[in-house]
Amino acid sequence: MAQMYFSTLDYVIFALLLVLSSGIGLFYAFTGGRQRTTQEFLLADRSMSCLPLALSLLATFQSAVAILGVPAEIYTYGTQYWFLGISYILGLLIPAHIFIPIFYRLRLTSTYQYLELRFNKTARILGTITFIFQMVIYTGVVLYAPALALNAVTGLDLWGSVLAIGLVCTVYTALGGLKAVIWTDVFQTVVMFAGQLAVIVVGTLRVGGMEQVWSIAQEGGRISGFDFNPDPFERHTFWTLSFGGIFVMLALYGVNQAQVQRYLSARSEREAIISCYVVFPCQQIVLALGCLVGLVMYAYYKEDNPLANGYVKTTDQMVLYFVMDILKDLPGLPGLFVACLFSGALSTISSAFNSLATVTMEDLIKPYFTAMTESRATLLSKGLAVAYGIICLAMAYIASQMGSVLQAALSIFGMVGGPLLGIFCLGIFFPCANSTGAITGLVSGLVMAFWIGIGSFVSRSSPPLIPVNATVLPDVGNMTTAAMTTLIAAAKTKARTTGLKRFYSLSYMWYSAHNSATVVIVGLIVSFITGPMKPKDVNPRTIFPVLSSLLFFLPERYRDKLCFRVPLDKR
């Protein structure tokens, strides 16, 4: 494979990203309250305004994996993926007007505190452990994967970049707390925009203008129209992206601790809700930038595919190869894009460290050590952030030894998002659901998720083998299902499958909806069998009784029996 190299200026720009990110952490470590309380360290003293919150939500959403994956997806399959932007509408409106008000008014620190308030402590612990498992696996892989691609294309030292990112991230997260994480996210968002814009502008000029880019892409069949095929087994259609994507977004922006923690750090409920509205146009811009990079890359190479010609070995290396190819005569710009790439990694990983420290402290330690002083709890929270940083580096090493199993490890993150969404939906929308139903539903959802996910991976890995390179990691929500696409290595034209193999070919965009629905259905069945919750036993602050309105046609006695009418707390 052809290898390109960085100039001194590229290294300087990359180093500046690390230095400035660390500087922000140090600034918040020694100013303000100096991170002396868990409230300040974990929730930024609930003092954040909507703009930095929105940019932080966006940065967490935009991972390094996505920066590499979306353009390669567009290059390979065309612009059909762009329709994912439609799902952002309901994917943000529902969290803004249902999830955020409930979580904010309950004054939570950990999302999983809700599960204890609504169900019981067992549900809370199970939810927390599931989340920790999900994030620990993900953080190591999301750090290692882009570093591996960078090493393959540019020769940049693999473990040098992994250690640099991991350690810098650990330092500013442990010292500066959530406030440092949010403000570094803001800085890193700007870097991400700048890096992608630089590639689009230079690439477009090299091709001959945006009109020429569009014309070449159209001739090559890369401009997709509306595909209204309702088949859920088709990888990408209008319905899978615009409707299946809603559940992907809900799993991320509705109940994921990393995102919910940002809402809870807002100075008011109104600011938290506005941050959802502000992030919407930003997401559309990010999606558009990723798609445009893919179109420019296609127009530049046309049918002269770098992968087919052996210039790169995998599709996740294509974007970096393209960047180095068009920017090689412009010192500093390759470094800017790499800074953009690792800004995505930093924002994702720092959010993971902070959220992991929060749920471990609030759900697994504080309830059992009630006499712990505030200063000791804060110190322990910082220690947890450091510990998870070390675990992340260890997971990156394990990822390097996994080989093809790396794809399965990545997919675990996406598989767990749906069931966690399901248990929260069960609690919020169905007052009749009880704790037995919730726990059984979550376990059933996880079993279903791993069954489909691993079954899909194994069936696609068995002969006849379709190259994994057929798909890469598009941005379907940084921390919910971005990695899931490694399971969907289907070619555009595929043989008709039957039985279990047909079941395993379900589009990955429906995974979240399918798995969350499994939790809700099993949870409701078990709740009715074991005896539904009585209205007087349900905390009205933990529910959003929409079913009472939707099922208005049922006789009153049935609605009362099903506990669809819990008296609302006026708050």
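Just so you know, glycine gets a Cβ as well, placed from its N, Cα and C.
The transmembrane segment annotation in TrEMBL covers 12-30, 50-70, 82-104, 125-146, 158-178, 276-301, 336-359, 379-399, 405-430, 470-491, 503-526, 538-555 (among others).
Just going by CB pairs under 8 A, the stretch in 50-70, 82-104, 125-146 that sits most against the transmembrane segment (336-359) is 50-70. Here the transmembrane segment (50-70) touches the transmembrane segment (276-301). Their Cβ atoms form 3 or more pairs under 8 Å, with each pair 6 or more residues apart. Looking at which of 125-146, 158-178, 276-301, 379-399, 503-526 has the most CB pairs under 8 Å to the transmembrane segment (12-30), the answer is the stretch 158-178. Residues of the same chain lying 6 or more positions beyond the ends of the transmembrane segment (158-178) and with a Cβ under 8 Å from any Cβ of it are 18, 21-22, 24-29, 35, 40-44, 143-144, 147-148, 150-151, 184, 261-262, 265, 342, 345-346, 349-350, 353-354, 357, 382-383, 385-386, 389-390, 392-393, 396.
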